Each structure stands twice: as structure tokens, then as C-alpha cells.
Amino acid sequence: MIAFQFSTISIILIVVSFLHIDASIHRYIRQVTATQCQYPNIVMCDYVQCTNGRCVEDKNSVDCYKCQCAPGFTGKLCDSPIVTPSACNPSCQNGGECSQTATNTFICICPPEYTGNQCETSVLDNHPCITIPTIVCQNGGACNINGADYLCSCAIGWTGRNCQTPQNSCPVDYCLSGGTCQMNGSAPYCNCPATHFGQRCEILIGGLTTTTTTTTTTTSTTSAGTPRKLNLH
């Protein structure tokens, strides 16, 4: 009786061992299958479109393909843009634009009315074009804001950073209608033709009246036969 019980227990243990081995084998097969191409005989890239990239075969993938995304995109089909924070940290203010330099650093390019590392400072409050425009741009020049600096647009006849230097020559094409230009001190002066007048010879005279005197000469003969000239006006 005891021998029979022992044999029965041995058989049960052997069966359990085989079941455990079989389960381990199937679990391994499932793990291997889950990481391998399920359709090795089909070219999946013929049916897949990577939105922002290209499709390549991948036999180690369940899908049998993968998308290689272009820079700036991610996702299974490369259809999701990569959102990155601004390279300028802190970010640029007041309309400034973040720009990469030749040394791979980042700076803020500010609009003319702002300055500072992040364009945080207004230059208008104490700008010379606001406080002393006629001093920095002389002789009728116009002061233009250029960031913290300024640029002068000089009136005709003046030049220099502050429009402080008289020009030595007439501006190109200053005189119109065939007039000739010459400098009168720091100001250009036009010598106009007879048909025009004005500061730049720009005004046409309405009409010109000319008077012409004609002299007619005839010759008569005296009784003595001596010719005598008679002038008839």
C-alpha cells in the first residue's frame, strides 16, 4: 500500500514538473514573439506614411517598421512637433527676438525703443531724441531713435553725425528745368533759365513776348546819276 502511494505521488510530481517546464517555454515564446515582426513577408512601408519623416523596415518591431522623424518632430508617425522652451532664458521681453550667435550663445535682439539683456528697459524716457533733439541734430536735422543711440537725417546743405558740417557741393539733381546749382554758403542756389523761376527752377513762366525791329534799305538815283541810300523805318 505504501509503495502504491509513493508511486502515485511520484507520478504527480513528474506531471507538475512537465507542466511547469511547458509553461516556461510558452512564456518565453510569447516574449520573443511580442518583440518580433508579426508580418515578415509584407513590406509594411508600402502601406505606412510617416508624416514628417521616412519609413524603414524593422524586423525587431511588432509593427515591422519604424518612422525616422525629421528634426523637430516625434511620434510613431512623426506627426507631433517637438515643443522646446525658448533658448533665451529668461525670455526676451517687449517684442525682442531670441537669436543664436556665431559662438552658439543666445541673445535678445531688441526693437529700437528698448534695450537690456532681455529688452526690459525703455530707452525713450531719457533718449536724446526726446530730451534734446535740436542739440544732437543741428541745423534743421531730424533725430531718429536707433536703440539707445540716434541717427540724424540732415537738412539739405548739411552733413555729419550731428548735421554740423556744411556741404561743399550741391545735392545731385537739386536744380530742375536745366538750372545750374552753386553753393551760397551752406545752402544750394539755382541759376534758372529764362523760361523758369523758383527756388529750384520748378515754376514755368507763362509766356514770353519778344519785339523785333526790321530795317528796310532801298536805293534811289539822283539826277546826277549818283546813287543815294534811303533808310525807311
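Just so you know, glycine gets a Cβ as well, placed from its N, Cα and C.
Unlike curated entries, TrEMBL annotations are predicted automatically.
Among the features that TrEMBL reports, compositional bias 'Low complexity' is placed at 214-223.
For C55 (disulfide bond), the Cβ neighbour count at a 10 Å cut-off comes to 19, with all displayed protein chains included. The feature disulfide bond is assigned by TrEMBL to C45-C55 (among others).
As annotated by TrEMBL, disulfide bond applies to C50-C67 (among others). Reduced to three states, the DSSP call for C67 (disulfide bond) is strand.
Sequence-distant contacts (6 or more apart, same chain, Cβ under 8 Å) of C78 (disulfide bond) comprise C50, T51, N52, G53, C67, Q68, C69, A70. For C69-C78 (among others), the entry in TrEMBL reads disulfide bond.
The annotation disulfide bond is assigned in TrEMBL to C88-C98 (among others). Here C88 (disulfide bond) comes close to C98, F106, I107, C108, Q118: these same-chain residues lie at least six apart in sequence, with C-beta atoms under 8 angstroms from its C-beta.
Under a cutoff of 8 A between CB atoms, and with a sequence separation of 6+ in the same chain, the neighbours of C110 (disulfide bond) are C92, N94, G95, G96, G116, C119, G147. C110 (disulfide bond) carries neither a helix nor a strand DSSP state and counts as coil. What TrEMBL records for C110-C119 (among others) is disulfide bond.
For C154 (disulfide bond), the number of other Cβ atoms no farther than 10 Å from its own Cβ, over all displayed protein chains, is 20. Sequence annotations record features per position, and here TrEMBL assigns disulfide bond to C154-C163 (among others).
Marked as disulfide bond by TrEMBL: C192-C201 (among others). The DSSP secondary structure for C192 (disulfide bond) is coil. Cβ neighbours of C192 (disulfide bond) (same chain, under 8 Å, six or more residues apart in sequence): C175, S177, G179, G198, C201.
Annotation comment: TrEMBL describes 41-79 (among others) as domain 'EGF-like'. The domain 'EGF-like' (41-79) scores a mean pLDDT of 90 in the predicted structure.
Tertiary proximity for the domain 'EGF-like' (84-120) is limited to same-chain residues at least six positions away from its ends with a CB under 8 Å from its CB atoms, namely 145-148. Taken from TrEMBL, the feature domain 'EGF-like' covers 84-120 (among others).
The list of residues near the domain 'EGF-like' (125-164) in space but at least 6 beyond its ends in sequence, with Cβ under 8 angstroms from a Cβ of it, reads 110, 112-115, 171, 174, 183, 186-188. The domain 'EGF-like' annotation in TrEMBL covers 125-164 (among others).
Note on the domain 'EGF-like' (166-202): residues 139, 156-159, 208 of its chain, located 6 or more positions outside it, place their CB under 8 angstroms from a CB of the stretch. For 166-202 (among others), the entry in TrEMBL reads domain 'EGF-like'.
The feature region 'Disordered' is assigned by TrEMBL to 214-233.
Residues annotated as signal peptide in TrEMBL: 1-23.
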Rounded inter-Cα distance in Å - C45 (disulfide bond), C154 (disulfide bond)
67
I'm trying to understand the geometry here, so how far is the Cα atom of C55 (disulfide bond) from the Cα atom of C163 (disulfide bond), in Å to the nearest whole number?
65
Count of other CB atoms lying within 10 Å of the CB belonging to C45 (disulfide bond):
17
Summarise the domain 'EGF-like' (84-120) as counts of helix, strand and coil residues per DSSP.
0 helix, 10 strand, 27 coil
Would you mind ranking the disulfide-bonded residues C69, C98, C163 by how many other Cβ atoms sit within 10 Å of each Cβ and giving me the lowest?
C98
For a three-state summary based on DSSP, what are the helix, strand and coil counts in the domain 'EGF-like' (41-79)?
3 helix, 12 strand, 24 coil
